[in-house]
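Working notes, beginning with the structure itself.
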Amino acid sequence: MTSVLDPQPTTAPEAADPMTPVPYRLERLRQDTRDTFTLELEPVAGPPLAYRAGQFTMLDAFGVGEVPISISGDPTRPGPLEHTIRDVGVVTHALVTAEEGAVLGVRGPFGTTWDVADGEGGDVVLVAGGIGLAPLRPALLELIGHRDRYGRVVLLYGARTPEDILFGDELRTWAVDHGVTVEVTVDNGQHAWRGKVGLVTHLVPRAGFDARNTLALVCGPEVMMRYAASALVDRGVPAGRVRLSMERSMKCGVGLCGHCQLRELFVCVDGPVLTYDRLAPLLTCREL
Amino acid sequence: MTTTLPVLPVPHVPARAPHAMPTLAVWKFASCDGCQLTLLNCEDELMALAGRIRIAYFPEATRAVVDGPYDVSLVEGSVTTPEEIERIGHIREMSRTLVTIGACASAGGIQALRNFGDVAEFRSVVYAHPEYLSTLARSTPISAHVSVDFELRGCPVDKGQLLEVLSAYIQGRRPRIPTYSVCVECKRRGAVCVTVAHGTPCLGPVTQAGCGALCPAFARGCYGCFGPQDTPNTAALADRLLAGGMAPVDVMRIYRTFNAASEPFRRESERHEPGPDDDARDDAPHDAAADARPEREVPR
Amino acid sequence: MDRRAQIIDVQGLQDLVEALLARGYTVVGPTVRDGAVVLGPISGVDDLPRGVHDRQDAALYRLETRDDDALFGYAAPVQGAKPVFFPADELLWRAHRSPDGFDVEDPDGERPGPVALIGARACDLTAVDIHDEVLMRRRYVDDHYARRRAGTFVVAVACGEPGGTCFCASVGTGPCPRTGYDLLLTELLEAEHHFLVEVGTSRGADVLADVPTTVATPSDVTAAGDVVARATERMGRTLETEGLRDLLYASAESPRWDDVASRCLACTSCTLVCPTCFCTSVGDVTDLTGDVAERHRVWDSCFSEQFSYIHGGALRSETRSRYRQWMTHKLGSWQDQFGMLGCVGCGRCITWCPAAIDITAEAAALRAAAPPPGPPAAPPVPVPTGVRP
């Protein structure tokens, strides 16, 4: 306890104060669906942000507040920092209604990664629910960037309605040009929808992949992730090879504010990407 | 206080011309004017406010009247007469954003004590010609009649919170008003808990923050001016008050003040109403000060 | 450095405070305000609580007079050192709108001098160490905390008067600090009123050299030992720590949480008086023009509904979940996260709970209801995580 007298930080602090936002300019704002938008950001000064698939940033709308948002861009190629955001709250509304040229604050990148390369030599299954496709997009782009290193790549994607399907053009490109098996289902398929209707978790049992040699990446509402992970494990994917991206309230992103705790986990630094063997007992307990 | 709200349609008000200064109207219903005064008391900020918003209707401050529609209407007071029901409907139609200010407008106010009694009887006792009076049997919050965009609590409202609400609507965002208990503000400001250290009854644990723990900071118990916090365990606090020697009728009374008609406080107070067989103790003078007195002198 | 125990009298304590003030320290110690012992800036022994004792029990704190002039004759003050180093409201930054978006201004222009803590108890020193671990010794460092903690001087006191809610002996943190002090006082009231001073650091010896002292006699040393031994025997509460983490994890669905939730006011008091609770929120404040914004970090609590809010609602909507989160963290998951208990046994959460909820009683109730232990669970391990970049 001598540290009480000589309280030196034992780890080197990150370069800049992790609590101070860095200014980024909104270069382009693209509307993906009726409530979902993709923001392309460039730093006002300095180099572009280096990040890995699965990581998130804290995005700040000046004077309104900050929210954790997963990065949805391509981690293998230089380019603007991309975030795909659903307009659901005060801050997200301010972010998606910002005008091009506006300056937003960025802190990060924070958190663990999908570690896609860990799946080399085997099959990779991505299961996405709703906006959960956005955090999986960097992983998919990384897979496509090194397509020859992987076996089958399967994307199972569930959206609420056909109008809510994200990245529609890209889904086709991934399937046609990059040999990704893309299966899309919707909860509610009125209108002219001729595709599948039903829960995305129901696609898992019949999807084509070698369960014993598969890395599975899952992102979506928590209940959907729980059922998807369970279905993957039932298929024979080891729980330690199933990765989920968790969502919790976050105020700091660096493990200091305490909001994101899931029993012993700080989701912001121990996650957001966590393996299902670790999460399974925590997800079955209500309101843990 | 939004627990039993009927879902009412929000009227369509034409959008404001871009870059025009937003207009503000301040309306009064059954109230003491204290919440409107809070706006006038924003002395240091009034000039900045005047530069950002056009005060279009505020009889307490100016005789100038600008016709509606208004971007933001602040409504003080509760609805107690048939005319007021009609008037609040018109105001809603003229307002893009309608914010209630204070316990009267948000919960019915102290005048909602009438809700627990017989108004016809009061009327006949108090007035020589009760037949000239047109009044409702209950005092109700604005939200019982029209849709409300935001309810700002307090008796009176807090100046800082009022400015936050105005800033928020000027800047087009939701106000940041916490819904946790007064204890949070009490502990943050370093006040000593009056219940634990002095034995003073205090509604702080069940009351929403906003006042900055004003009363506890001056060694008084919280009176519940800001209404119930988001998770108000009113029954557990009542149990503690009873265990500490408070009479049931006083537990009833402590929940029946400025927010008497808010659902959690109303329900809790009714649990402690004297039954027909009880000694109502209404006539027995109760030494409230004795409840508040420390058990023994403490060094200061 | 002379490591022999010394004796100072009350005037010596005054000289010690003055020596610290002369060296530029902000001296913070116990003092009486509003009928309670609180920590605040002090300038001498006259500011200390003289001849007072605190009666503490669940939801009960009363200051009473003693029949002596003891200066440290009471247990845990209302708060530990938390507000000194980790204020309830910290301005993180202020920003002005500019042509390039916004300019962030560093608010730490004025840096307060280092703090000297007078009269710090073992429980509170352990809590400071825990905060150092949480806020300074991990990957990300809380700069604001680190700046306030730099150069802290500690004059500890061996606790001679544990309160009715104290259980530091059970959790192994007190009543006498073993390390973590520059100087350690034990107040001796028999015969003459004086203090046994033990030197913990050369810095402590340096300051003590400014104070008239005499070398302690063997009987002084024995008397000081007796003070601690008596205190150890008079703890008001006990907490069985064996297997606590596994007990809490195994009790996640216990009906006891419903029972405690029926009494819990969800008022947050326990967390805000806890010297180790570190949860905070950030809030942005703008002026009316919206051109200046400030971000404040404020104490928050897992007992508030908004704490766990994500779009769609609060993840812990029920009080039972919030109490479970707090207690499981404090006594269980804290061990996985930081390799230590999150509880120092100061008893504040019991004393200052307006509903008289007692964490030691709740732990005992869970233990009584728990199934007999199976094979020992895996020991606490550093959290295996997702993959860090």
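Yeah, the Cβs are placed from backbone N, Cα and C, and that goes for glycine too.
Automated prediction, rather than curation, is the source of TrEMBL annotations.
Per TrEMBL, the features are as follows:
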BINDING   A:Cys252, A:Cys257, A:Cys260, A:Cys268  [2Fe-2S] cluster binding site
COMPBIAS  A:1-11  compositional bias 'Polar residues'
DOMAIN    A:19-116  domain 'FAD-binding FR-type'
REGION    A:1-20  region 'Disordered'
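Annotated features taken from TrEMBL, shown on the structure.
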residue  : record                        : Cβ neighbours (10 Å)
A:Cys252 : [2Fe-2S] cluster binding site : 27
A:Cys257 : [2Fe-2S] cluster binding site : 24
A:Cys260 : [2Fe-2S] cluster binding site : 27
A:Cys268 : [2Fe-2S] cluster binding site : 29
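Proximity to chain C (CB-CB distance below 8 Å) holds for A:Cys257 among the binding-site residues A:Cys257, A:Cys260, A:Cys268. The domain 'FAD-binding FR-type' (A:19-116): residue composition by secondary structure is 8 helix, 46 strand, 44 coil, according to DSSP. Mean pLDDT, taken over the domain 'FAD-binding FR-type' (A:19-116), works out to 95 on the 0 to 100 scale. For the recorded site, A:Cys268 ([2Fe-2S] cluster binding site), the DSSP three-state label reads helix.
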